[in-house]
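What TrEMBL lists as ATP binding site is 64, 65, 66, 175, 279, 280, 281, 299. As annotated by TrEMBL, disulfide bond applies to 108-156, 117-140, 123-150, 206-216, 247-256. What TrEMBL records for 173 is N-linked glycosylation site. The transmembrane segment feature in TrEMBL is assigned to 322-347.
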């Protein structure tokens, strides 16, 4: 027990030992060089750890599509094939339409093959599930002269979406105009993708490409699809147009410019035959002279574009600089720890190195203190009624009686 107490109240101090060994010396310098190279090359130059960074980018996007196409012998303009029309960061360009005209509320047969029937009992088993295009009534009615289908209540006639339609191929030549403004609130820094070098004449002629016109804000749809390495004009899909802002605000403002990249966002739909591509339905409503409502239903296959903006900005700040400099200087000491492990365990003469590095020093007790302690022990043995203790000072040892 006493040994545990004495071991606890010990003090360790460093001892410098100079080891003249080529092996351990080379290892020490190589490790230090690697650590210094890492901090200078990676931490400070590449990661720019001397900067404070702002990743909370604020952004606004406005879009505009231009172009004309021919679909089903009709000329289609922007109002026909772009939805929504507000010029938001997410919009669709319709490539194929399947329309069902003059639908009115009433009763009619379903149009999907799974609702084929011969008698009412074939339809009643479907009553606990919704129909494809209306509410099932449980009756089996004629679809045509030879086929019977389950009856629905809803918009009639029911849609037939298996019709083969040729997509509008002119969509590849449509252009997308993107206007993007960003702000980094930490630095109150704002900029847009209209660079000072972009003029009105340039805008009228340019189309974005990866080599010659990397900052042109007008994109040809066919090029965007090609950059995303896709081809889905028949069934549609979802493409992401990514605008990246990686700005070093310690440099000139002219060097903070956008970069564009393109990818398919619904890539999983390529791996399954269930609901391929991208499609949606919308309707245009009308009213007859007698007040009856009717509509034209359209199932649209489209390319959906999502304009995604991301980025971060950095600027010099003393606090992260000092923190990383302290970390760098501290990490250099890792080389010393590694060299100590090698020196004391793996090199020849390890025991000799240990003897030189570690030295145990016993505490010195003055002879007068021993006499004082012996006197107190004798007093205790003779049961003398008094309290004694020894006081050791730089001027000697004193016996104190209470």
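Keep in mind that glycine also has a Cβ here, set from the backbone N, Cα and C atoms.
Unlike curated records, TrEMBL annotations are generated automatically.
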**Request:** Give the sequence-ordered list of residues that share a chain with residue 206 (disulfide bond), lie 6 or more positions from it, and have CB atoms under 8 Å from its CB.
**Result:** 213, 216, 218
**Request:** Rounded to the nearest Å, what's the C-alpha distance separating residue 175 (ATP binding site) and residue 256 (disulfide bond)? Just drop the number here, would you?
**Result:** 25
**Item:** Most Cβ neighbours inside 10 Å, all chains, among the disulfide-bonded residues 117, 123, 150, 247, 256
**Value:** 150
**Asked** Among the recorded positions listed here (64, 117, 156, 279), which has the Cα closest to the Cα of residue 173 (N-linked glycosylation site)?
**Response** 64
**Candidate disulfide-bonded residues 108, 150, 156, 247, 256, pick with smallest Cα gap to residue 299 (ATP binding site)** = 156
**Message:** Between the Cα atoms of residue 65 (ATP binding site) and residue 123 (disulfide bond), what distance do you get, rounded to the nearest Å?
**Reply:** 47
**Complete:** Quick tally, other C-beta within 10 angstroms, 173, 175; top of the recorded positions is 175
**Request:** Consider the disulfide-bonded residues 108, 117, 156, 256 and say which one has the Cα lying nearest the Cα of residue 280 (ATP binding site).
**Result:** 156
**Complete:** CB neighbours within 10 A of residue 108 (disulfide bond), counting all protein chains shown, number 20
**Request:** Spatially speaking, which of the binding-site residues 66, 279, 281 is closest to residue 150 (disulfide bond)? Use C-alpha to C-alpha, please.
**Result:** 281
**Complete:** Of all C-alpha pairs drawn from the ATP-binding set 64, 65, 66, 175, 279, 280, 281, 299, the farthest apart lie at a distance in Å of 24
